[in-house]
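The substrate binding site annotation in TrEMBL covers 44, 45, 46, 81, 184, 235, 236. Sequence annotations record features per position, and here TrEMBL assigns site 'Transition state stabilizer' to 145. As annotated by TrEMBL, active site, proton donor applies to 225.
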Ligand SMILES: CSC[C@@H](O)[C@@H](O)C(=O)COP(=O)(O)O
């Protein structure tokens, strides 16, 4: 089952808010449905958001023949979340076909969807090659958030690298952190690793740097929501401390992402909009309050890892080594 797909005239997604308890799909027939699913993280992860953006324009083009209305609907999809540049990339790529009619728009959106599978497999194998050339196996890795099949259409980026290693019998143990506050690591990455038959252990987010300092892993492998022109990487909050720990321990910090995550129009991480989500995601969980009533919370959803801490950025097309002076 794909994370996100196009069925006849609408979008089908796995509802990630329900994992790991139940695997259910949602059928999204309108742009409103899709925007709501993106905001609630029912569909999430940068590559999946790129596909959601593309399919959102297809939904818009099928809902009206007025190009101005399609553009207004597409703008709503584009603005549903600010940080992962893939969302805007997916919308813009498909919107460029609007003058050619709705059928051309839908065809381009489906191409974006199919490309995602192929590109992520390619980058997964490239990343596995890069790691195997530097680390004698079996390779133990730490990962953060979820950059697996559920963050893409299939396969995954960071987990795609680990999955390629697993296929080659070169993967040892994977440490995944919970990824507060919405637990993408505990709920989704652990679920994916179990289904893949990968040996794994869950740790709290703040244990990640100690896992690294204690020599339990040979590399940190994560995804990205946006990579700036100078090589700064924005990813799920809590990525930066892992990069600091990896640099201190002298192990590679590897970012696996498709080229659509690279944003040459943004000079550095400081210029990337960081989503700030609702305080109640931090002050409670699952509808139950955990902090005292009235407690405020600053809920940054992402952080910036400076380029000089990034050993390698692996895409479907290339490997760039920013910490060694490599330019994007
Ligand atoms: C291949 S997914 C890369 C990133 O999008 C992922 O690591 C991440 O930060 C996802 O954040 P989320 O808030 O769950 O959409």
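Using the three backbone atoms N, Cα and C, a Cβ is placed for every residue, glycine included.
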Translate the DSSP assignment of residue 236 (substrate binding site) into the three-state scheme.
strand
What whole-number value in Å do you get for the largest C-alpha pair distance within 44, 45, 46, 81, 184, 235, 236, the residues recorded as binding substrate?
17
Distance from residue 145 (site 'Transition state stabilizer') back to residue 46 (substrate binding site), taken between C-alpha atoms, in Å:
12
Under 8 Å between C-beta atoms and at least six apart in sequence, can you list the same-chain neighbours of residue 236 (substrate binding site), or say none if there are none?
144, 145, 179, 184, 222, 225, 301, 302, 303
When the Cβ positions of the recorded positions 81, 145, 236 are compared with the atoms of ligand 1, which fall under 6 Å?
145, 236
Tell me, how many other CB atoms lie within 10 A of the CB of the residue listed as 'active site, proton donor', whichever protein chain they belong to?
30
CB-centroid shell, 8 A cutoff, substrate site 44, 45, 46, 81, 184, 235, 236, site residues removed:
49, 84, 145, 146, 147, 151, 223, 225, 302
What count of other C-beta atoms do you get within 10 angstroms of the C-beta of residue 184 (substrate binding site), across all chains shown?
27
Reduced DSSP assignment, residue 46 (substrate binding site):
helix
